Amino acid sequence: MGTQKVTVSLIFALSIATIGSFQFGYNTGVINAPETIIKDFLNYTLEEKSENLPTEVLLTSLWSLSVAIFSVGGMIGSFSVGLFVNRFGRRNSMLMVNLLAVAGGCLMGFCKIAQSVEMLILGRLIIGLFCGLCTGFVPMYIGEISPTALRGAFGTLNQLGIVIGILVAQIFGLKVIMGTEELWPLLLGFTIIPAVLQSAALPFCPESPRFLLINRKEEENAKEILQRLWGTQDVSQDIQEMKDESARMAQEKQVTVLELFRSRSYRQPIIISIMLQLSQQLSGINAVFYYSTGIFKDAGVEEPIYATIGAGVVNTIFTVVSLFLVERAGRRTLHMIGLGGMAVCSILMTISLLLKDNYNWMSFVCIGAILVFVAFFEIGPGPIPWFIVAELFSQGPRPAAMAVAGCSNWTSNFLVGLLFPSAAFYLGAYVFIIFTGFLIVFLVFTFFKVPETRGRTFEEITRAFEGQGQDANRAEKGPIVEMNSMQPVKETATV
């Protein structure tokens, strides 16, 4: 195999694909800052239509629906990933669904002019559907066009796009920018602009070479794309690996969601995929970001919104750090370090929130614990679950696996957003102990069950789960579940 390079074509394709991740992050964070202003809009609109003052219960219910409907759309979208990528390809699927982003953005952007609560809620549902699809398309596309030796580092770009989107939403939501009574519809409708930019650029990006060869049997086209993306003429080994995988697929029936759980070959990797997604959402990170302003306020910070933005900056910085670490330390090791660090920080958050009224300096301990909590999240549980799912499965079951994993992520996201306020009300500062328990469970699971995939081809990983070639694995590098994450990789890549 020739030396694989990081080419301009590869960076361009990765950057354009990551716009979908940015959209997910932006639309996740954009609804938080203008909460009071949007509630005033709901109140005024309902009063104008019914000529009666709406009850507090109705207003709260509509606000909660406006927030939660995004996750409902995400669940539906993530479960529909396979319907698109198997028929239209990875790139074309990303291109097509931008219509949803434009439609959702228009509905939200014009809801105030139309004085329509329904347009706001429908827009959030549609944009959630779009983001749910993106959470499947983007990591799948990135994983399939990246060189094996850099697949983990480039896989982290998906999470980097998400956290940059959240940070931009937080900044744009400031009152000095678009978080005002007049401009909040533009804040929500801004999602149209990245959708248009991505739509204009995607035709210049290549289709996934794995999709072209394995699904459409276009070997020459796939070979040409690999040579252009990786900057080497010698891609024969990669082409042969894809052809072998294609031959295996031809002997198997199409893999459905149910088949993932019925087949012994797929059962372990799909359980690992689901648990990794749950480890991301049940770690407490969304509880921290959804309610960070209130947490900082409780900790005694005078301008909590800026402290929340500070947490977003830390989020972004450590995602970049993870990008450089993931191919050196390995996925499994970083995930365990992240989970362990978050568990310690969640205990510190609980203690500092309990004692801040007695000791003023505990407020600073709380803020520090939150920032370090976010940093550990981006070292492991933030980026790794998204791209490792694509690594655990071959071409056939990958779309169904991405759908199940994505739906697990969105469902747990929805449940945390729904249940955390009540849990915080009844448990107070002790609420983060719940997340500590989850973090410890996921840490133990990762130690015993999650394989190290660094430097492994898709075929090697799949065969290890199928139980094939175990003798060779023991002789050369040990069983996959026991792989040392610090082993040197075989492939090389240069910039």
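Here the Cβ of each residue, glycine as well, is placed from N, Cα and C on the backbone.
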Considering the D-glucose binding residues GLN280, GLN281, ASN286, ASN315, GLU378, TRP386 given in Swiss-Prot, which of GLN115, GLN159, GLN170 is annotated for that site as well? GLN159
Record (Swiss-Prot) lists N-linked glycosylation site for one of ASN43, ASN409, namely ASN43
With reference to Swiss-Prot, is GLY89 found on the same side of the membrane as GLU452? yes
How many other Cβ atoms sit within 10 Å of the Cβ of ASN286 (D-glucose binding site)? 18
Under 8 Å, at least three CB pairs between the transmembrane segment (119-142) and the transmembrane segment (430-450) (pairs 6 or more apart)? no
Listed in sequence order, the residues of the same chain lying six or more positions from GLN280 (D-glucose binding site) whose CB sits under 8 Å from its CB are PRO381, GLY382, PRO385, ASN409
D-glucose site shell beyond GLN159, GLN280, GLN281, ASN286, ASN315, GLU378, TRP386, criterion: Cβ within 8 Å of Cβ centroid: ILE162, VAL163, ILE285, PHE377, PRO381, GLY382, PRO383, PRO385
Three-class DSSP secondary structure - THR232 (phosphothreonine): coil
Which residues, sitting 6 or more apart from GLN281 (D-glucose binding site) on the same chain, put a CB under 8 Å from its CB? ASN409, SER412, ASN413, VAL416
Cβ neighbours of THR232 (phosphothreonine) where a neighbour is any other Cβ within 10 Å: 19
